[in-house]
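As annotated by Swiss-Prot, ATP binding site applies to L34, G35, S36, G37, Q38, F39, A40, V41, V42, K57, with the evidence given as similarity to another entry. The domain 'Protein kinase' feature in Swiss-Prot is assigned to 28-289; the stated evidence is sequence analysis. Summarising the annotation, Swiss-Prot assigns domain 'Roc' to 695-950. According to Swiss-Prot, the domain 'Death' annotation covers 1308-1389, on the basis of sequence analysis. Under the heading repeat 'ANK 2', Swiss-Prot lists 425-454. Under the heading repeat 'ANK 3', Swiss-Prot lists 458-487. Marked as repeat 'ANK 4' by Swiss-Prot on the basis of sequence analysis: 491-520. Per Swiss-Prot, repeat 'ANK 7' is recorded for 590-619, and the stated evidence type is sequence analysis. According to Swiss-Prot, the feature repeat 'ANK 9' maps to 810-841, an assignment based on sequence analysis.
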Amino acid sequence: MSDDVNSSATSTSSSTVHFDDTPFEDVYEIETELGSGQFAVVRRVRDRKTGEKYAAKFIKKRRYATSRRGVTRQNIEREVRVLQKIRGNSNVVELHAVYETASDVIIVLELVSGGELFDHVCAKECLDEVEAAAFIKQILLAVRHLHSLHIVHLDIKPENVMLKQRGDSQIKIIDFGLSREIEPGAVVKDMVGTPEFVAPEVVNYEALSPATDMWAVGVVTYILLSGGSPFLGDNRDETFSNITRVRYHFSDRYFKNTSKHAKDFIYRLFVRDVDQRATVEECLQHPWIRGPEGNAIDIRKASCITISHIQSFKTRQRWKRCVELVMVLLKASKSSRRIGDGRFDEEDMVASCTLICAEEGNLRALHKLSALHKLLPNATRKSLKSSFSEPNGATAMHCAAKYGHAEVFNYFHMKGGNICARDDNGDTPLHVACRFAQHTVAGYVANEKIDVDSINKTGETALHCAVESADTRVVRLLLQLRPRLDLPNASGDTVLHLAADSINPRIVPLLVCLAPPLHLRNIREETPLHVAAARGHVDCVQALLDANSPIDAVEQDGKTALIIALENGNVDIASILITNGCDINHADHHGDTALHIASKHGLLQAVQTLCHCAVTVDSVNANKKTALHLAAHYGHVDIIRVLLLARADVTLRGDDGLTAELVAVAAERLEAHSLLKMVKSQEIREEYISQLYPLDTSLRRIKLKLLGHSQSGKTRLVQTLHSSRGISSFLESVTRRISDHYSPSSSMKDDGIHSTNGSFVSESNNNSSFDLAAAAGSKYAPPHSQYTRGIDVQTVNINGCGEFSVWEFGGYEPMHTCYDHFVGNADCIHLILYRTSDPTEVQYKQILYWMNFLKGRVTPFEPIGHCGFSSRRSKVIIVGTHATSSLFPQMNQEGEYVSSDIEAMLNTVRLRFETHFDMDHRLILLDATNPSCIGMKTLKMELAKCRTNILAKLLKPLAILDTVVNHLNLVRKKHANFPVITWPDFIQLVRNEINPLTGDAHCRQIVQQLQLIGELVYLRNDLCDADYVVLNAEWFGTHILGQLLSAEFLSKASPNGSYHTSSLAKIFPEIPEQSDLMTILEVLQLCAPDARTGAHEFPVFIQTEAPDSIWRPYSLKEKERDTVYGGVRILPMRGMERSLHSTFPRIQVALRRSINDYQPAKDTQLHQWSECSKLVSQDREAVIRMVGDAVEIRARGPSESATSMFYFMEDLINLVEHAAAEVGPGISLERHFISPKHLKEHREHPALFPPESMMEMQQRESLSVKGTQDEEELFTDVVCFGSRDVARHLTLGIDVGVADLQMASRCELACLLDPPHAMGRDWSILAVKLQLTDQVPDVDSTGQSLSRTDQLLNEWAIHHPEQASVGNLCRILVELGRCDARDALYRTVPLYVFAPLEDQFLLETNDSGVVSSCHSSSEHNPINI
């Protein structure tokens, strides 16, 4: 039991024991090992001064509270205190001294060298009871000494009764490791001792007492007299049963000659009741111990103990140990013998089993083996018989180190294992542990203060091995020991070379911190920078450069780090080297420069960077070839363009006499040859080059975008701004634009399109008529017949302001669904118009709508400015139209209309949106019919100022831009019927027809500038890689979108929104390929193909209302009872109401696409109606619909598939949120979960669980959440459909890291906490709460440019990542008294983050039939539910 039962940590005193920290080996010389235990080894030592010999017990300390290795300091101190207290008795081992090292406590005791008492008895020919009683009396005297001091030994057994010297009869009690100090009345319970010798109270876990030792004395006496163990059974359970029942007997075979006094002595000790058991004093007075009184005959002399019985006992013990040893060996080697891997050696079973246990980490077997045989931790295998075996010479410690078995390694070390042993490769265990990234073992060895710079046969130190393992923990550990960093291995590589070539880029910065030599070279003459440049880790290269590594050092072939980086395709590293000032014109031994290498390998970015840094472009190599020759030979046309722009000489010839053009011909590089041929002339080449340089002037125009509801005066304002000549000029320009670009076909006036048959009247003219009376009952009725259709685009030169591309966005609401493709850029001016004749409430709602519309469609930019201001605010001017003197009788000194009500309203709007928009503080009220009104002049002044400010921030136009603009007019005529081309076609158009040297970057800049001046529209295609360029924005906005989304078309459209491609020919007969137009409409996400019908579905056209029966209880009560419900409403953040209405058709498009993308969708059906969709997937169904301002999702399915229902719902939520984010990236969404209980009851108005309630529940660590109707439900039911498996994989919102906060959350906090607070509850006090006072000066130094709150949160996430969670931040905000900031955080953080369940769990589930483009998992696979 002493080996298998852990001792308790009962302290004997509250005082701390102090040990001598003098180096032990300075005082004593360590000699042979005398014995060992689990965590201790006893060795004979000799005092260096006196020569006196002692027994030193080396006890391994437990280093960590959670570790299982070693003995706790509390237990060691307890043993020392016991030994100190019991000094001075001749029958107890004497304490001499106690020392302490980093890993051990060494207890120095008197040397007891006489051996065990029983061995002494076995050596005698005979032994009578008098001698036996004398031995027992000495044990009793020792026990009396202990008990008088309230010490209980608890492990009295034959092995702990020793003779002081060989041949001497004086005994000593040893081993006080389990001893306790038990004061009278104290209750101490513990399972300690050796099974055969423990008392019943130990087995029954009852209070220990001095009587516990007396039971053990009885067992020792029984064995001494008979040679048999009184309670020993076939197994431990039987032994314990015998003890608790006090089941023993005096066999005639062994006790035939034993005196009755001896039997009575034993009988008095084997008493279950501790109060009735004989005490030590009673035992000393017992006749068998005391002997006869006076001259009485001593009957003990007549009783002679049969020595053979004791010898048999010892023999049985030895045989038992041998059998147990064989069993342990066979069991430990079972796996090796079964697979026959050659590790088990029958000729050396103990050594081979030791090695096997070391490899397998079988500490339990080692404990058993150690108890039966001396361990051989330094043994090695004789030969290699399999690939599994370790190298020759590998000891058990090498094996344990390789496989990371730290406890086994520690055990071997305590058993005398050589921690510095070397195998045949010269590796020590530290080398092996580091090579295999076993940081725990490496840490153990490192703490033993061994030579960390020891090298093996290949010159490697342990640090070499650690770096090769790429394990940062091991490297950090070794660096704490300050190893040498300049030692090379057999290849000449220092640890820095190896780190530069490691797969782990974090090692080089660690080494660089210790200032290693950076100039050392390996046998290839490479510095670490060369190696890092070849490997490709940017962080490594940067760290070496920051440490002043020689940047232009050359290796054996004359190559610098720059050339090596380019040879390996590491362009990012090449850019860093160039930025740090390396020699870009250096040539290697072959004459190749970095430009030659980059041109040869097609590294366009590198060539561009080198040319930008004025590299010598015509440098020749050993073959007289320039970079242009190499680019021509390998056909890198884009690089040829860059070299020509850098004015490379096209006439230079190589050693073969060929120019670059001829080289391209010889290599059959036709495109390269064509390009070089076109620029052969110096004059033409210079002209092309000059076109691709920016001009000194600004762009000719910018966009002016007008937004407002119908009848807000947009068209009339544009008319007035267009020309001082008034409406006749405007009508003339409209007529000209229509006649130039397209003409309405006659069929469009007579024949419309329908899913079956039908017609409608439609005209492309913006001012076409519409029968309002006929459409009075239609949901698509416009407010007036002359409403703007789509987006009217025209160029206007405003007198005194300059030229603008004016984009008038129609106010007709169905058109809003596609406006996100045309708004969102900050490099333009937005005019929001409202009618001053409308009631103030109407004005306010309309302005809020368009401000929110713009805010939602403008992507917020980093960094966050002071008070949450966006770094790039769009310019917005709010203009009141229809202003007359009758409405505004008061004017200011400049003659402008004045209105305190409107001024107050606009101030409210400015305060609400100033973080996102740059808004003018002047009140602009005008009459659009009067070009000379003061308000018009004010507007023009503001437009001129804004235009100047925006143009000043934009890049200067390329000289080629005007040429492209002029050429586009010709291209538009060529593509008049369908002015749309792909992006690759546009690039080829520019190169083939304008300038062949135009690169991709030039084309991107040209298109960007053409968009800024309103010449075309660039459509990004998420369906495939081919983006599109619309050459005529007016055609696109008015003729296509204005017609398809007009009231005329919508009122006659197919009720189910389904159209075949051929149907488009009836609307747009002039377009030759209707499939091209359908593709463009798909790119705009106005439609999606329906795989079942082969037609395209246009959700915006759908007029059919959803039936009332789409969400009713199941007719079968059993099915309804076994159904789980769930739901959520996705709302825009507070203050952005009605932001999702225009996005719902796009959500329906995304739903249809998801069904198409999911191939095995035969069991999945999607039905769509106006503002409602229903998805049925096998036995699950969901309804997605607009409810007020929210998109509501309700789902239900079988209760046994609750986990799959969560997946189903989660995918739908992600799909809706992703679709909404594509339309409005600035719309922050909230999830309001619906009561599953109320859904199951089919209540008309179910309770909701808003984000604040969900987050508050998490903060309280509650399991239930309270809804809006004050009813509580379990969080798992509300979110997880009752699935606890799902709940276990959720990361709650309070546990989300601050570093992962979305920008909306950060902006809200900045807006609330950046401004100074009257009570000081702002960012400065927050810094104190976050323990970031040291960072305050740096944060405060940024002034008004950056948000101090946002910077603080970033610092918190960096310096305290474990504490920087949303939950902790919310708690701190409450302590700060800023519940408003907490509530804002509650509304904007994710309520949970979901990690998908294990694959084996998912295999048991079915598929949902929904593909979410924002799925929680790392891969965009179909959802497995």
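Just so it is clear, glycine is given a Cβ too, placed from its N, Cα and C backbone atoms.
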Which one, from the binding-site residues L34, A40, V42, has the smallest tally of other C-beta atoms lying within 10 Å of its C-beta?
-> L34
Just counting, how many other CB atoms are there within 10 A of the CB of S36 (ATP binding site)?
-> 20
Long-range neighbours of the repeat 'ANK 4' (491-520), counting only residues six or more past its ends (CB under 8 A) | 461, 463-464, 467-468, 470-472, 475-476, 479, 482, 485, 526-529, 531-532, 534-535, 537-540, 543-544, 546-550, 553
What is the three-state DSSP composition of the repeat 'ANK 4' (491-520), stated as helix, strand and coil residue counts?
-> 12 helix, 0 strand, 18 coil
The repeat 'ANK 2' (425-454), counted residue by residue under DSSP: helix, strand, coil | 15 helix, 0 strand, 15 coil
Reduced to three DSSP states, the repeat 'ANK 9' (810-841) has 11 helix, 7 strand, 14 coil
Long-range environment of the repeat 'ANK 2' (425-454) - Cβ separation under 8 angstroms, sequence gap at least 6 | 102-103, 391, 393-395, 397-398, 400-406, 409-410, 413, 419, 460-463, 465-466, 468-471, 473-474, 477-478, 480-481, 483-484, 487
Integer average pLDDT (0 to 100) for the repeat 'ANK 9' (810-841) | 93
How do the residues of the repeat 'ANK 7' (590-619) split into helix, strand and coil according to DSSP?
-> 16 helix, 0 strand, 14 coil
Secondary structure of A40 (ATP binding site) (DSSP, helix/strand/coil) | strand
Using DSSP, tally how many residues of the repeat 'ANK 3' (458-487) sit in helix, strand and coil.
-> 16 helix, 0 strand, 14 coil
